[in-house]
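Enquirer: One structure is given below, represented as structure tokens, and several questions about it will come after.
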Amino acid sequence: MKSIYSDDSLALHTDLYQINMAETYWADGIHNRKAIFELYFRKLPFGNGYAVFAGLERMLEYLRNFKFSESDLAYLQQEVGYKEDFINYLRDIRFTGDMYSMLEGELVFGNEPIVRIEAPLVEAQLIETALLNIVNYQTLIATKASRIKHVAGEETVMEFGTRRAQEMDAAIWGTRAAIIGGFDSTSNVRAGKLFDLPVAGTHAHSLVQSYRSDYEAFHAYARRHKDCVFLVDTYDTLKSGVPMAIKVAKELGDKINFIGVRLDSGDIAFLSKEARRMLDEAGFPEAKIVVSNDLDEYTMLNLRAQNARVDLWGIGTKIITAYDQPALGAVYKIVSIEDENGVMQDTIKISANAEKVTTPGHKKVYRIIDRENGKAEGDYICMHDEDPSSEERLKMFHPVHTFISKFVTNFEAKNLHEKVIANGEVVYESPTVEEMKQYAFANLDQLWDEYKRSLNPEAYPVDLSQKCWDNKMRNIEEVKEMVQRTVDEIEGA
Ligand SMILES: Nc1ncnc2c1ncn2[C@@H]1O[C@H](COP(=O)(O)OP(=O)(O)OP(=O)(O)O)[C@@H](O)[C@H]1O
Ligand SMILES: O=P(O)(O)OC[C@H]1O[C@H](OP(=O)(O)OP(=O)(O)O)[C@H](O)[C@@H]1O
Ligand SMILES: O=C(O)c1cccnc1
């Protein structure tokens, strides 16, 4: 790696093509036209029925500080080959637009805008890659965490993943996302410091191996640590580990808080039941059993089915790497652009795949909540000048299979977007991570159980208003006519 630049910035944390497009807009004089972009994913991860949004705080930090540094500019000019006039233009670029976003801990579904950016075209374009990078990872991890916590219920879930994470940033931000999704603590001390998260941990096999005996190791640990969880599987869980943990706990009595034991290998169902029996018989019915070893929601469910006696779960690799689905496919699409007369014109991307056709225009997204039972009926995407609250009887219909429809009455329409940046100024103060987690729990309470089950959940409705749907159809027709004119011109030439 080249020397560490003292003025390294995140503005270059982008794909080259964004800068190439920025140069095109600038050279053509359309760079300051107002544009609206939306960030959303199409398909929920892990086959889950919902996702938990995370990443806003980092996006705000990134946009607040967006600026090419002198070493960035020198690199772009000398190594990549951009001309000086464009470099000089880039020097003064900042994010001056507006940002509307869901809040961290919000439940989010396919094809609904999580974030809306309204900004000069060039700015909105340059930030795409970083925003997607942030949201795709953090939302993925928060969602996986929510699935795991859903299985754990009241039992404690500890995040142990740092050593297996895709490098250091992923460990830090992934841990934070895991807590938003419902985890109780992390073993990553820096994440604890940076985000004010509860930190927790036990000890490793190396401690026991260093003392060459369970008894000596537990005793040494207990001399310096009041709260003790002893790792009991280094040599022989039932013949040495658990008996020595009990022996040390009895010897030291009130001098320590004997929290319990950790199992990290072997048959967790069998060993946890045996360990439970031994602890109970020794007079430690309150002692907890912590388990770890490549766990996730599937092994947890399976262990439950075997009546494993587990109080706390330590989860590493499978949460921090989102092991069974390594990426969320969120995209960032332009939906409206100012024309030469200063009028906003909707814009659409056509695809043979109906799900991939973008929904044009300046839109808003509401959660429709039944006032009688407090449950979410679905999400409703409408044009920015529509207000579903004013409707007595709201028609909701599937945006592709339009014959699937229903009417809702006596509902509350909750606007899911908050204005978090106004004219480049961050106008939103992030709550604590704990508050984000509580917000996610409260949102889950609004969701029917059918959408929350981890296997084959029902599809939660994300519907378009009639006006939004009509607008989309009109845009499709316009594009078809435009393509036909092009074909005619070519054939006529
Ligand atoms: N009773 C069980 N039912 C289902 N899965 C289990 C059970 N007990 C353990 N597992 C899981 O099985 C996987 C493999 O465990 P296994 O016992 O083969 O390896 P191990 O004992 O951890 O070996 P190592 O000593 O190398 O760590 C782990 O993901 C573990 O969580
Ligand atoms: O299994 P995970 O879900 O990824 O959780 C983290 C793992 O990290 C540790 O193992 P490691 O072998 O790295 O070290 P240790 O067992 O010697 O502590 C710990 O014992 C867990 O098994
Ligand atoms: O504290 C622990 O037990 C721990 C921490 C990180 C990874 N594995 C275990």
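From the backbone N, Cα and C atoms, a Cβ is placed for every residue, glycine too.
Among the features that TrEMBL reports, domain 'Nicotinate phosphoribosyltransferase N-terminal' is placed at 12-136. TrEMBL lists 157-337 with the feature domain 'Nicotinate/nicotinamide phosphoribosyltransferase'. Among the features that TrEMBL reports, domain 'Nicotinate phosphoribosyltransferase C-terminal' is placed at 363-471.
I'd like these features described in context: how deep, what's nearby, how far apart.
Expert: Regional average pLDDT for the domain 'Nicotinate phosphoribosyltransferase C-terminal' (363-471) in the model is 96.
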Enquirer: Going by DSSP assignments with H, G and I as helix and E and B as strand, what are the residue counts for the domain 'Nicotinate phosphoribosyltransferase C-terminal' (363-471)?
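Expert: Taking the domain 'Nicotinate phosphoribosyltransferase C-terminal' (363-471) as a whole: 26 helix, 41 strand, 42 coil.
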Enquirer: What are the DSSP helix/strand/coil residue counts across the domain 'Nicotinate phosphoribosyltransferase N-terminal' (12-136)?
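Expert: Its residues divide into 59 helix, 21 strand, 45 coil.
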